[in-house]
Every structure is written in C-alpha cells, then in structure tokens.
C-alpha cells in the first residue's frame, strides 16, 4: 500500500460491478478443479526463493482492486507511450509478477482459457497470507480480466501521507467501511517501505519541527540513520513492522507505541473509532484475523473485467 510520491487528493471514481457478478467459491469446481493447488504451488515455489513474495502479492492485489475493481489491470504491460498501472509512481516498486505468470502458464496447460488472471491474483494473495502464518479463507471466484490499464489512474490509490479524512473518503468510494480501512491497513504487517514513503515524517516535518512528534523518538532516530535527509541509496528503507515476514497483529501494537511507519498508519489513531479498532486488533490477533478476512473478501469482490486473458500481461 506504500506509495512513492505525494498524490493529489482528486479521485476519479470508476464504476465497479456489484459483488453479485456471479462470484462463487465453487465457480471452477467442474471446469478447473486443480486451480487452487496450482496457484498454491506457484506461491510456495516463489516463497522458497524469495521471502518478500507474500508482501508483494498482497500489495499487488490491493493495488489492483482499488483501480477499476479486481480485474488484473495491474498486471498489464505498458504499450508504447501508453503507460500501464504497473508503471504509475505508486506501483514502480511492485514485484513478483512472475508468480502470477507461472500459475497462469500451468493453468493454461490444464484448463486452457478458463481461469482469469484476476482470480489467480486473488487466490495468490490469500495463499501469501496463509503461508506467512495468517488466516486462510474461501475466495469467491468468477472475476473477469480488464482491458484498460492507465498509469494516470494510480493517483486513486491511498497514499502514505494521507490523513484520516482522505483515507475514509478513499475507502468509502469503494464501498469499504472504517472497519475495513483499519483491518486492511493491517496488511502492513508484511513488507518493506522505501525511504521516500516516510521521509515526510523524519525530515522537515513542518516549519518548526524536523520530526513528527507523534513518532517514538528512538524509532525516528533509527529511521533517520537508515534514511538521511539526502538519501542516495536506492533500496534504503525499513520493514513495515518488527516481524515483517510473519502475518500477525504486531503492526497494531507498534502503532500504539508510536512505531508506525507511514503518516497514514499514524492517522488511524486520530479518531476515537479508528483508534478503538487499532486497540482491539492489538489486543486480539483473533479479532484482527476475523476482520481482515471479512474485509479482504469484501474488497476482492469489487469486480470490473470483461474477458479471460490467455497471457496476464497482454489483453486479448
């Protein structure tokens, strides 16, 4: 969910299809019964070589769903001067597209032309969470793949500098509640952020303060040593929580200690309702997992595609 640049708060909202677009947990039971095991194997194989894969897949799915619905438009390649979503500023650091490619290739050999790339990505995100120690859930299936992917539309993604009003509006535009906002933010339990996404909190915070006063001073000092004011190290940054390869509720505990990375994380403590949810999830991993699963199913039911791609990176 990390974004790399400050984004203007001017959202164009595209109509998503209703969740009733024939999504069902047994959608492929007769046409491609091997689907789930094939996707699971692709994720497992990738994870054995690269421990950052789960965070990448979860973030990829989120970024896909927030633009035109969960239609795999984030997977499409740019064509000439027409830049696709994956080349928009917030998505430059997305990776692990090959995991979806590998799953799609295996599925095309078993059940050609049947499974959408959007469904593969939704399943891969679920498997990424489960294989990182988090919950598993039944993913409703039957999404179609979109034909439009525009880098300019990535400005619709929630940015790490957003305040609570901007976050609430951004989620509400997609039919997602305040509880969904706080639960899905818990996805930050996995992953890593580059310095550019939290530089605003640790250098020149405002006219009088260099560092965001809501940040734990020792944590801010640690981040400043990794990310100096004129950082030149391309991959410098910080894990999003202290156990960033394990899906747990540490994100919320750290947030209450002033150890959240993004302004948008800290923003969750600025209203009584969101703060109460942060406290609830910090004290009960079970409550967090239940809410996260419900919100993931809700978010992944935003649909908007029209076709089944044969190659996830190219429209038919």
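From the backbone N, Cα and C atoms, a Cβ is placed for every residue, glycine too.
As recorded in TrEMBL, the features of this protein are as follows:
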ACT_SITE  63  active site, proton acceptor
BINDING   64, 69, 71, 73, 85  Ca(2+) 1 binding site
BINDING   158  substrate binding site
BINDING   188  heme b binding site
BINDING   189, 241, 248  Ca(2+) 2 binding site
DISULFID  32-111  disulfide bond
DISULFID  65-70  disulfide bond
DISULFID  117-312  disulfide bond
DISULFID  195-227  disulfide bond
DOMAIN    22-316  domain 'Plant heme peroxidase family profile'
SIGNAL    1-22  signal peptide
SITE      59  site 'Transition state stabilizer'
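Here the Cβ of residue 111 (disulfide bond) has 16 other Cβ atoms within 10 Å, regardless of which shown protein chain they belong to. Neighbour density at the Cβ, taken as the number of other Cβ atoms within 10 Å, is lowest among the binding-site residues 64, 71, 241, 248 for 248. Note on residue 227 (disulfide bond): other Cβ atoms within 10 Å of its Cβ, all shown chains, come to 22.
Proximity to residue 59 (site 'Transition state stabilizer'), defined by a C-alpha to C-alpha distance within 10 angstroms, is shown by the following binding-site residues from 71, 73, 188: 188. Other than 189, 241, 248, the residues of this chain whose Cβ falls within 8 Å of the Cβ centroid of the Ca(2+) 2 site are, in sequence order, 186, 188, 190, 240, 242, 243, 244, 246, 247, 249, 250, 251. Across the structure, residue 227 (disulfide bond) and residue 241 (Ca(2+) 2 binding site) place their CA atoms 16 angstrom apart. Of all the recorded positions in the record (32, 63, 69, 71, 188), the one with the smallest CA separation from residue 248 (Ca(2+) 2 binding site) is 188. Taking CA atoms as the reference points, residue 73 (Ca(2+) 1 binding site) and residue 65 (disulfide bond) are 9 Å apart. Of the listed disulfide-bonded residues, namely 32, 65, 195, the sparsest Cβ surroundings within 10 Å are found at 32. The shortest Cα-Cα distance from residue 64 (Ca(2+) 1 binding site) to any of the recorded positions (111, 117, 188, 195) is found for 117. Shown in sequence order, 65, 67, 68, 70, 72, 74, 118, 146, 149, 304, 305 are the same-chain residues outside 64, 69, 71, 73, 85 whose Cβ sits within 8 Å of the Cβ centre of the Ca(2+) 1 site.
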